[in-house]
Amino acid sequence: MGFDIDSQKICSDLESSDRRLKTTVLDELLDKCKEATNSESADKIADVFDKLYLHLLKCYEDRFESVRSKAIQVVSAFLSSLPPTDFHLMNVVSTLAERMGKAETVEPSEEIRLLYIAQLNLMICLYEKMENVGVFRECYPLVVKILIKSIKDDYPVVQREGCSAVVTLSRLADTQEFRPFTESILLPLYTMLNHKHAQARISAIQAIARLSLHMDASGDAMRRLFNEVSPLLMDTMPLVRREVGQMGILMLMELLDRYSFFERILPLVLCCLKDESPEVLNHIYPQWLKCGIQYFNENEAELSQQEISDLPVENYPKDVKRPTIGCRGLVQRSLRLLQLITRETSDWKDNVRLHALKLLYQFVLHAEAAMTAKFFEIYGDLAHACIDHVAEVNAEAAKVADLMGRLLSYDAWIDHGFDGLERNARESYMRCFYHMFTASLGGTYEQLMRLAKLLRCTDYSHTLKPGFQHYILKLLNTIVDKTLKINAGQNELEDLYESVYVCAIKVMALSSSLENVGDEDVNFGQTLIEKMVKLLNTSVPKIHERWFHLALQDVINLDAALEDNAEPVMLLNGLINMCHIRATYVHDLIEKVKIVFQHCCDSAQVKIFSSLSLATLFWSKTMNVERESSTQMLSEFVSQIVEPYLTWKAGSNAEAMRSLAMATLCALAQGAESESVEVLPSLAKYMPSLLEDRNVTTRHYAIKAVVYFREMSVEDLKPLAYATMQRMDDPSAGIRILAALAMGKLKPKFAETDTEENYEKEVWDAIVKRAMDLLLLYHESPEKDMRAAVAVTLKVLAKSHPEAWEERYQRALPMAQKKDLLTELYDKLTINEDSHTEVTSASQD
């Protein structure tokens, strides 16, 4: 079908006030135009459009929305069918500017505003095909007004179409001609960066990226551009972050003055290389390699020489691909940005700190040893980031420190690292140094010794911070591991291990004394000591005996009114709990404890005494000396630590100390059973009063200790026996039962001469009879446990004193309230005795 129309009739119909007529005409015209695209010549279509375009453009202002919409579609159809020409350009653009380029919103319909900006985009694309046709530049003021209005539109689709038009225009515009308009377009685009729709933010970034290639780089506009776009590197949507990286790639490849802005462009790309989303990394990384190739080609003379001597890094991190020499060169010329990056690691926003550390990681990865000179500048900020309260942030800081330890020149940074530790005895510097030092391959004997001595000093090893303690132990473990790779004599290694041991045992002691802290650090320290034991070919007890006294010497400032939570008290308490009491340092330990008892507060005294009482349970296991020496040391310990507190004194603290002294004595009797036989008799004079003490705990430990008073004469044991019998009437049921059991375990040592022996036996028989009377009395007790304890003791006494048992039974039987129970007990004990006699006779036969 031909494109034959009655142009005059169409023009007349378009001027009609009948909406239906105009829409019908426009529909027919649109259909014919679409059909003519493939069947009619361009000249024919152009001839028709020349006759109609003024009336069509006039319809843009029609009061009916449907007419305006159809008119725009018809004009766009004609423009699409026509060859590239600027004949109608000014008229169409002017009309669009009237409808879309004013400050106020002239066109109320969102859909028609979208058609307007789509038509402008179409015309820009057509202009691109016209190559060097200069009429369009005359339209820049009008076009820019339309674009700005579209970007500010409330309708997101219109905004995105406007951004698309900006991108298209930026691709074909001449920089010198278009530059005056860039800043006015950028302003609404910056506002659009905060749009709630991710797709709108992406469109804005694309437009800004293209406009940046035309900007005047000499002013503040470029600085503002980076400030506005950079926050989107932390956008929640991966596609937005990817677009920011794409903008960086575009500027690295095409920006004329890119060398001046490498420091600001690189973060846009490097952050995407550390992005957690694969779709960001996989899109940006190949293009980043192209940037490196371009930079290498532009600086081939310099980089080719560097490439020749570019050896593989020995300690490169696993699963990390080394950047190309071109990419590394790009970053190495932009190290001035590090100060800005490290400053952001202290920002109040969590995501900003994390973003800065990820960026710093990429800088270290690309700069490698060239970054060594900047280490001292960023050491403090990175150290602070290592103790960030957000786990994800401090984990990223640890990765950066690890990478720095691997890639930076060890000999150049190690002295700065030590200097930071010496000046700043804080957990932050410790963590940072640990990650760097552990990851590095360096470490001489002198450096390891210097580090071990530094950690041994009170500023480090006496800390009460659990996190600090943990990293001290980890750094000590690193020192031990690195000793396997150094050249040092056995004596030198032993000196080094000595410092490591002393530091480790102090940290473990303090860690064990802290409340609400697990055993993780203590267990880790034990593993560390066991590792040293293997290297020294010795045992854990021997290493304690050899070096523990050095740790004890570091417990200072005890001569003050310290509470139980004071660091010196906690250290001494932890040391006692960790290693107990050993022969090599028992004298030093006694002196330290005496100072505590003399000067420290009540709570501190009680705490130390409690630990001592537990430690004495292991006396026979930890005292690796002959029995005679062990007995002598036990006697000294008891006389100086325990005995002074067995006598009664007024006051709550004195009462607590008396209880603990009795507990310690009881523990010693169990832990040093053979040695206590010789030591305890001298303390028998205190026992009667202790057995009658007002404090139930004191009486409890006293009655438990009574049975360990052995090898004593009848005269010395007699007061203990009667005091023990009195405890069978104690208010505490537990003490009554223990007293009943204790009477069967008291064994005197009789005199060697017959006369004295007979006399002492008579005295002891009287004591036994008295005990039997009491036991028979308590056998009628309603307490089941008490009756059982009485039966056990009577069985022992009846066996050793049968005549006395028979006599006391006959005496008690008439007075017994429950004769059947007493008779049953008598029969049971007598049967046992008879059966025992028969078995003995049979064995003799």
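Every residue number used here counts from 1 along the chain in the order it is shown.
Every residue, even glycine, has its Cβ placed from backbone N, Cα and C.
Annotation comment: Swiss-Prot describes 47-84 as repeat 'HEAT 1', evidence class sequence analysis. Remote same-chain partners of the repeat 'HEAT 1' (47-84), defined as residues 6 or more beyond its termini with a Cβ less than 8 Å from a stretch Cβ, comprise 3, 5, 7, 10-11, 14-15, 19, 22-23, 26-27, 29-30, 33-34, 36-37, 91-92, 95-96, 98-99, 107, 109, 111-112, 115-116, 118-119, 122-123, 126-127, 129-130, 133.
For 138-175, the entry in Swiss-Prot reads repeat 'HEAT 2', with the evidence type sequence analysis. Proximity of distant same-chain residues to the repeat 'HEAT 2' (138-175), defined by a Cβ-Cβ separation under 8 Å and at least 6 residues beyond the stretch ends, is recorded for 89-90, 93-94, 96-97, 100-102, 110, 113-114, 116-118, 120-121, 124-125, 127-128, 181, 184-185, 188-189, 191-192, 195, 197, 199-200, 203-204, 206-207, 210-211, 213-214, 256.
Remote same-chain residues near the repeat 'HEAT 3' (180-217) are listed as 140-141, 144, 147-148, 151-152, 156, 159-160, 163-164, 166-167, 170-171, 173, 224-225, 228-229, 232, 235, 237, 239-240, 243-244, 246-247, 250-251, 254-257, 260-261 (criterion: CB distance under 8 Å, separation of at least six residues from the stretch ends). For 180-217, the entry in Swiss-Prot reads repeat 'HEAT 3', with the evidence type sequence analysis.
A Cβ distance under 8 Å defines the sequence-distant neighbours of the repeat 'HEAT 4' (260-297), meaning residues of its chain 6+ beyond its ends; these are 217, 222-223, 226, 229-230, 233, 238-239, 241-242, 244-249, 251-253, 303, 323-331, 333-334, 336-337, 341, 355, 358-359, 361-363, 366. The annotation repeat 'HEAT 4' is assigned in Swiss-Prot to 260-297 on the grounds of sequence analysis.
The repeat 'HEAT 5' annotation in Swiss-Prot covers 332-369, and the record cites sequence analysis as its basis. Non-local neighbours of the repeat 'HEAT 5' (332-369) in the same chain are 233-234, 262-264, 266-267, 270-271, 273-274, 313, 320, 323, 377-378, 381-382, 384-385, 388, 390, 392-393, 396-397, 399-400, 403-404, 407-409; each lies 6+ residues outside the stretch with a CB under 8 Å from one of its CB atoms.
Here Swiss-Prot flags 523-561 as repeat 'HEAT 6'. Residues of the repeat 'HEAT 6' (523-561) grouped by DSSP class, helix first, strand second and coil last, total 28 helix, 0 strand, 11 coil.
Per DSSP, the repeat 'HEAT 7' (674-715) is made up of 31 helix, 1 strand, 10 coil. If you look up Swiss-Prot, you'll see 674-715 marked as repeat 'HEAT 7'.
Tertiary neighbourhood of the repeat 'HEAT 8' (766-803): same-chain residues 714, 718, 721-722, 725, 728, 733, 736-737, 740-741, 743-745, 809, 811-812, 816-818, 821-822, 825, 828-829, 832-833, 836, selected by CB-CB distance under 8 Å and a gap of 6+ residues from either end. Residues annotated as repeat 'HEAT 8' in Swiss-Prot, with sequence analysis given as evidence: 766-803.
For the repeat 'HEAT 3' (180-217), the model gives a mean pLDDT of 94. Helix, strand and coil residue tallies for the repeat 'HEAT 2' (138-175), in that order: 32 helix, 0 strand, 6 coil [DSSP]. The residues of the repeat 'HEAT 1' (47-84), classed with DSSP into helix (H, G, I), strand (E, B) and coil, number 32 helix, 0 strand, 6 coil.
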